[in-house]
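Some features that TrEMBL has for this protein:
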- B:9-241: domain 'Glycoside hydrolase family 65 N-terminal' (DOMAIN)
- B:301-664: domain 'Glycoside hydrolase family 65 central catalytic' (DOMAIN)
- B:Trp336, B:Asp337, B:Lys576, B:Gln577: substrate binding site (BINDING)
- B:Glu476: active site, proton donor (ACT_SITE)
- B:674-734: domain 'Glycoside hydrolase family 65 C-terminal' (DOMAIN)
2 protein chains.
Amino acid sequence: MKKVHEINEEKFKINSLNKYASLMALGNGYMGTRSALEEDYPQQVRGMYVSGIYNKAYPEDSSDIVNLPDVFGVDMIIDGEPFSLLSGEILSYNRTLHMQTGEMTREVKWKNRRGKSFLFKFQRFVSKANLHLLASKITVTPLADSADIQIETGINGQQTNFGKQHLVEENVRVYDEKVMFATYRTSESGHKIAIAACCDFPESFTTVFLSKNRKLTAKSQGVLYANESAIIEKTGSVYTSLDKESAGQKIENLAVKLAKEAAGRGYHDLLASSGDQWEDFWKKKRVEVNSLNHFDQTALDFALYHMEIMTPGHDERFSVGAKGLTGEGYKGHVFWDTEIFIKPFHLLTEPEKAKKLLQYRYDRIEQAKEKARMNGYDGALFPWESAFSGKEETPEFAAINIRTGLRQRVASAAAEHHIVADIAFAVVHYYLATGDEAFMRKEGLALLRETSLFWISRTTEENGRLSIKDVIGPDEYTEHIDNNAYTNYLAYFNVQQAIYYMEQFQMLEPAFEEKVKKFLKHLYLPLPNDDKIIPQDDTFLHKPDIDLSKYKEVQGSQAILLDYSRSEVNELQVLKQADVVMLFYLLPDLFSEEVIRENLHYYEERTIHDSSLSKAIHSIVAARIGILKDAYRFFSEACLIDLGSNPHSSDEGIHAASLGSLWMSAIFGFANVKIDQDGLAIDPKLPKEWKELSFPLAFRGRILRVKMTQGNIEINKLSGQPMPILVRGQKYKLSSELAINY
Amino acid sequence: MKKVHEINEEKFKINSLNKYASLMALGNGYMGTRSALEEDYPQQVRGMYVSGIYNKAYPEDSSDIVNLPDVFGVDMIIDGEPFSLLSGEILSYNRTLHMQTGEMTREVKWKNRRGKSFLFKFQRFVSKANLHLLASKITVTPLADSADIQIETGINGQQTNFGKQHLVEENVRVYDEKVMFATYRTSESGHKIAIAACCDFPESFTTVFLSKNRKLTAKSQGVLYANESAIIEKTGSVYTSLDKESAGQKIENLAVKLAKEAAGRGYHDLLASSGDQWEDFWKKKRVEVNSLNHFDQTALDFALYHMEIMTPGHDERFSVGAKGLTGEGYKGHVFWDTEIFIKPFHLLTEPEKAKKLLQYRYDRIEQAKEKARMNGYDGALFPWESAFSGKEETPEFAAINIRTGLRQRVASAAAEHHIVADIAFAVVHYYLATGDEAFMRKEGLALLRETSLFWISRTTEENGRLSIKDVIGPDEYTEHIDNNAYTNYLAYFNVQQAIYYMEQFQMLEPAFEEKVKKFLKHLYLPLPNDDKIIPQDDTFLHKPDIDLSKYKEVQGSQAILLDYSRSEVNELQVLKQADVVMLFYLLPDLFSEEVIRENLHYYEERTIHDSSLSKAIHSIVAARIGILKDAYRFFSEACLIDLGSNPHSSDEGIHAASLGSLWMSAIFGFANVKIDQDGLAIDPKLPKEWKELSFPLAFRGRILRVKMTQGNIEINKLSGQPMPILVRGQKYKLSSELAINY
């Protein structure tokens, strides 16, 4: 395996600090930390988050993923002046996220305002070997003169979620004049957090401990001669009362013990253990591409790195937020992004993790039923935004309406109901890829049944036809419309699959069957019109077009909402993201290639791609019908959603679904892997830029490794029973390996 | 009157940003704002506070003065880079607090990293003409090249008290595409806050409004040609549900109306109205000194400026926090500082304000009685720290104990009981200076009676002698001691004055009289020992001495607590501040000059002056007994508590009591004004550096103006009836003016 790529920042840029803090975030699925620089800068947002630790700052608010006290921040005072790259002169700068090992490093040569030069090396990681551990190391060397160095670091409980404080400081102390320790309690959800941190300062330094205003700090001061290095190692530990494996133990003791023991082992030893885990990860899951564009591999490595650190594979009680654990965008809430964009990677590399993500929904089915009941429906209506409780967490308000000056209400909770079918889709997909009958029998069928009951109750009968009215499809720029094509087809699929599997598992009740059959018979499924265009909803095609080029240029920024209010946008043929195209992606066999091509063209022209969920889906749909040039362009553009030059695109966290969709582009688009009742099919559609693509696949108990070039495909089965496989439309039996030239 | 001095900052220093934010704070007694720079810097603390708006962030915490959403902060992006004085080059810099008019201005000539130069002028004030109004003006001029300027400012609700958020955001909107508006609710105390802000940007600029993450912002962008100025004026208004004068009106409407109307008037007109009020203030209250050291006048002007902006003269329901409204030190709590250090200035310049400060205590007498009851005492035990509720607000913990690593408990709430007598002292002083019989009859006697009952119950009888055990005197480095001289003498004074005035007002009850007489007869009052030293408490003089020079050098920083734990300091003859000396200040006639001199010498040697309440008291006591060289030195050092070179001395706010004591040094020390049963006495003790001192005095319905030089004193009565006066020990009758040479 070639070396995993790095993410580099070669110049200090104040404007992109928050972008790189997200991009270079560290984590392990249990916790995530933004890679804010050690020293503070205005508007730089630090953040540490633990999966599942949400809180409401006040009763009428929705839950936030809690920004926990900070451990990586360091104030350095050099000859009496705070170290800041805004002052003095930067002689050299490089920051690197070593995705191979999960470490972030920064090397800076800097001249202060008095003309003294220093070399700084900053290193840090969040351990993949111990979910509760993080560590950092700082090496400071004055290059030509002696200097007075003062370092302050500890546990900083002044962190907030953009001004909202979720934590009550409960206990603060120092053990053995060494281990700083603090406990906190989330103010509403009542989780307990224990954090310990242990610093090793140079022996010649003098250290005191200070506790004030929610900050517990070790302040260490000393003089360094020219070329003498000060090395500061810090270990930190985080435990919470939600931790499963700590049940019955005092998390306070665990935190102190771990920080102390880790300090005894030292930074490099700890990093090595964590790096071993990362090596294993890449070995098992990496997608390798030999592309004319070196950056394609970087983007795929980046996607997989983040898929790994965002997913709480250790605990089925949590799921993945729209920004992973890299920022506070969308408050850490869980959307359909998880089922449709993030789960597939896990499903086909480590299905146990995919199962946990579905388990997360299953465990909240009662809350979903309650939401349905409250809204006058049957079955389960899953919340548009979900956190820990399983209740609807969508915030009440979005941005200011430019016409009225009032904040605009967010309609998604009330109308973006397709999430129900998305979850059902993910259940079916999970079963098809794993054949996990135990899951299907219990959790899977329960989910399919309750989601079906919801859809059945969600319809309105008019002249014998069933409509689904007043919804929002994936395209959120078109609200409160009737018979959204995506929603109706997915709802149909949902109900159809429910009855199919209930029959299969001999769990079909006659009363249910009757309702279902009526639904399937009468549900209105919009068909292509004379121009072959599937109407996105009942009224969409009657609305006027406008010139979108201005907004497409700054796509992702929702700039159109600065010129038009939401309700004005609603009356235009303007899409935020794939909608009918999304339908083609999920249910590719419903429509002819011609219909897909015409609709792709029609809708893409009208799509701003303001959602990061859009581009890669277009890529996949285009690839499958062989429009490879467009497919590759869409893919390349999708890679830039986080990694592009916009300095603010990822300020509030990476785009988790977008990263999942990059993997999907490679596997479901260019490799054109398809999983259905008939099993596994592969029908490569490699763009000309890609010389080779290889990746692992977990499928129904087997581990496969697939490698394809232009005109050749090799499939190795690394474990599991022989299986049939469809390659380029032809049936093969895969015993141990298969090589096909074409 | 000569021009009121200015406070200048002639160089941008990142280390002293928070000091100057406090020193140059603006306010009007209703609200106070820290003068943080418009642009953000790491660790720069912004703050806006309204008198009486306290909140508990969580039930077990004590109340904080709430840091309200910010209006003065501005993000400026110039040619795509944030404006920051840390980057680029500062060609010239001057920041000035114009105490004459209450305006702060900053002029900066700055070259950005690309070599373009700009001139910035920042102006702002908090109105003294309308308590709810603040305004700012920014003028930006590119000096040689055109530049793209982006300005973001609005209402920033991300402000916290060092990470604690007290406000629930309730409503956010923009009126008429112009007036930004937000309302908040304090989470526990339930006060409502309405803030409006209105910006005038250059006409050529494009402006949009954004609302996200508790920030409501106007973002305005345009291009400026060389030498073309962009002028941005902003008006802001603040109302709260506590406002008396807004009762019955919707504070939302008031806020929007004021911000809009003010914008119509414009910055300069608004400033002129406010400046008129300041002119009136200085005319009526200024202390003028002709000193060899120009700085003495600066310090006195500074003291008076802050006394004025810290005092909620508009409403008797609030009092003065230990840092005024300039920062969050001591959480905005009210201590004995108010009665003993701040009230005197008001008492002798505008007695109505002094009365309100006493009314604040009287209105909370039931809570003080409750605290006494809870602790097993009679009468009223006022809280050591008070906020709005009148309940004890002292925080539970202070800094980390360097030995145990545990936070140390704050003992003041449990033992620093002298505040009871301090309040009683202030009542008597108020009556002596005003002759306000109505107040004495009702509020005054109630306070004297309940405080007396407390002291009577606070004693322990041993062998016929009454002790007051387990207290903390003003010297907080000596805790849990018995018979603190200050406390015992003040308690005696308290009870003695109570019975005296109850008799005077024919309100003495026999049962009370009997208790009182026993108390006065048997209370132990420590007398000078053979060395003429009054023991500070029963054990103090038996404790060892240590060399304090190291700590005296950095006085004010409590550096001794980094070498000794509190309990270790407790076993040493180390004083934080004046204790026996404080007693001499308040009750000057009890002891002979010789005793005062010996004790001053003995205790000062052992006093670190880590409290800002110490130095000026030493000055006054020294001046009165004619040790003028020391007195002037103490005074000069006291002037440096805020205005000295320590860059961090005032980070969390100015030292309100210290500023009050500067005025006291001039009036009660160098002018040696004395007010007692016999009336007003003046016996100048001008240090040789002072050629002339003049000041107003309000005394029992008269307004006097006193002017003294070395060897001459002139007293003019500007209003009121003729009165007797004692000058240098001799009785005079003051009809309209009096001139005495000596």
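From the backbone N, Cα and C atoms, a Cβ is placed for every residue, glycine too.
Assigned with DSSP, the residues of the domain 'Glycoside hydrolase family 65 C-terminal' (B:674-734) fall into helix, strand and coil as follows: 0 helix, 43 strand, 18 coil.
Of all residue pairs in the substrate-binding list (B:Trp336, B:Asp337, B:Lys576, B:Gln577), the one with the greatest Cα separation is 16 Å apart.
For the recorded substrate site, residues B:Trp336, B:Asp337, B:Lys576, B:Gln577 set the reference point as the centre of their Cβ atoms, and the other residues of that chain within 8 Å of it by Cβ are B:Phe335, B:Pro474, B:Glu476, B:Ser611, B:Leu613, B:Ser614, B:Ala657. A distance of 13 Å separates the Cα atom of the residue listed as 'active site, proton donor' from that of B:Trp336 (substrate binding site).
DSSP gives B:Lys576 (substrate binding site) a coil state; it is part of no helix or strand. Per-residue confidence over the domain 'Glycoside hydrolase family 65 N-terminal' (B:9-241) averages out at a pLDDT of 97. Cβ neighbours within 10 Å of B:Trp336 (substrate binding site), excluding its own Cβ and spanning all shown chains: 24. With the fewest other Cβ atoms inside 10 Å of its Cβ, the least crowded of the recorded positions B:Asp337, B:Glu476 in this structure is B:Glu476. The Cβ of B:Lys576 (substrate binding site) has B:Asp475, B:Glu476, B:Tyr477, B:Gln558, B:Thr607, B:Ile608, B:His609, B:Asp610, B:Ser611, B:Ser614 as same-chain neighbours under 8 Å, each 6 or more residues away in sequence.
Classification of B:Asp337 (substrate binding site) by DSSP places it within a helix. Around the Cβ of B:Gln577 (substrate binding site), the same chain contributes B:Pro474, B:Asp475, B:Glu476, B:Thr607, B:His609, B:Asp610, B:Ser611, B:Leu613, B:Ser614, B:Ile617, each under 8 angstroms and 6 or more positions distant in sequence.
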